[in-house]
Amino acid sequence: MANITKKVSWSSRGDESALVGEETPLLNGSEQPRLLRQMSSGNTIFQIDRLSTVDLEEEITTEEDPGRGRPKEIPHNEKLLSLKFESLDYDNIENQLFLEEERRMSFMSFRCLEISRWVICGLIGFLTGLIACFIDIVVEQLAGIKYKVIKENIVKFTEAGGLSISLILWAVLNSSFVMLGAVMVAFFEPIAAGSGIPQIKCYLNGIKIPRVVRLKTLVIKVCGVICSVVGGLAVGKEGPMIHSGAVVAAGVSQGRSTSLKRDFKIFEYFRRDTEKRDFVSAGAAAGVSAAFGAPVGGVLFSLEEGASFWNQMLTWRIFFASMISTFTLNFFLSIYHNKPGDLSNPGLINFGRFESEAMAYNLYEIPLFIAMGAVGGILGALFNFLNYWLTIFRIRYVHRPCLQVMEAMLVAAVTAMVAFTMIYFSTDCQPLGPDHTEEYPLQLFCADGEYNSMATAFFNTPERSVRSLFHNPR
């Protein structure tokens, strides 16, 4: 499927200019075959269909003739898709060779293939869980270093004056992390931008997007997520885990790496679009499970986006990969938090444990919940409306990589300025007890033995901030 033949032109009669010597360039920029040039130079009335082969995987690079400019692709308008996109072949080609291979397969070989599918799904879940654990630990460590440096600088300049230096330091640190991630994505692998969920949905529904499941995309995705979260952007690491799990599944199931140009000569039987799609479904489910600690939710996500409902064994394999993923993340995070065996961190987003007596609801609270839901829906619709027009503006004016990097840095700097302003003007001072859970308590203008509670919401990773809002009694 990589190389396909495209018909460029067909005509029942040719004009005089074409017959005399005007040659029509082919899709890939190569010259016409000698036979066509000979026929066009004669008095032939009819022209044979001109064909060319276009490699959809590799970029089209040809030496251009300085005397004549040849187009490198079909002249088209912006409504047409690029030639680099093609459809995945999910149907097995039941030709004679395929049927003979199926007949020669013994019962033991069939059982070995089934065992291999389960082993691959287990590896997918294990590696996806390790990636989620790595992202969570690195984000926490880098964010801790950043907040410690900013806290020491604010404490230093609170009494001596010059808090503007702390503001500049915060903005520079945020912009530096974001610039690093934005440069990697914009200049090295643009397909790694965003969460990657729309691209995986397209893949599971039959559209082969170039480089969407490459190892290079995974590395840039992981580094970009870490830099974005540490840089203070209002983004999360849960959505990109779905894309990361899909990339892991695509690489493990094929037994080779296109980015590394290595073929390990394993799992060659599964190098078909049908098998690869099933394993990518398992990888996406493992990513959902690692992000939210919901194995069943991962299965439902994969089935909704294109996996086979009728294949019960596939459903169980997807569930198995999801369970392995959330268990791996839970186990290694318990070791990292010096609580081996305490499996209370099933996903990257975790709200902590709630006591049953503290979760009692009253009847009068139901209308409040309804009002909160309605306001949230209105704000969500307004956000989507503004995001639509902002996206149109960005596509039209912010399309160069350098402008995209500058835009990300500007958002990071503005976020730091807003956070610093809210902390500076906050007067909510809380007593700092001996058993406080705040890692970076900031005194600022509060009295001795007190801390600024607003700083707790910003001097933490997003997950820790949410847990603090839910569990801090003050």
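Yeah, the Cβs are placed from backbone N, Cα and C, and that goes for glycine too.
Since we're looking at a predicted model, the values are computed, not measured.
Annotated features in TrEMBL:
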type	residues	note
TRANSMEM	118-139	transmembrane segment
TRANSMEM	167-188	transmembrane segment
TRANSMEM	218-236	transmembrane segment
TRANSMEM	279-302	transmembrane segment
TRANSMEM	314-336	transmembrane segment
TRANSMEM	366-390	transmembrane segment
TRANSMEM	402-425	transmembrane segment
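Counting Cβ pairs under 8 Å to the transmembrane segment (167-188), the top-ranked stretch among 218-236, 279-302, 402-425 is 402-425. The stretches the transmembrane segment (402-425) and the transmembrane segment (118-139) do not meet in space: the count of Cβ pairs below 8 angstroms, excluding pairs fewer than 6 apart in sequence, stays at fewer than three. Touching of the transmembrane segment (218-236) and the transmembrane segment (118-139) is concluded from the presence of at least three CB pairs under 8 A, sequence neighbours closer than 6 excluded. Remote same-chain residues near the transmembrane segment (279-302) are listed as 120-121, 124-125, 128-129, 131-132, 200, 203-204, 213, 237-239, 241-250, 252-253, 270, 314-315, 317-319, 321-326, 328-330, 345-350 (criterion: CB distance under 8 Å, separation of at least six residues from the stretch ends).
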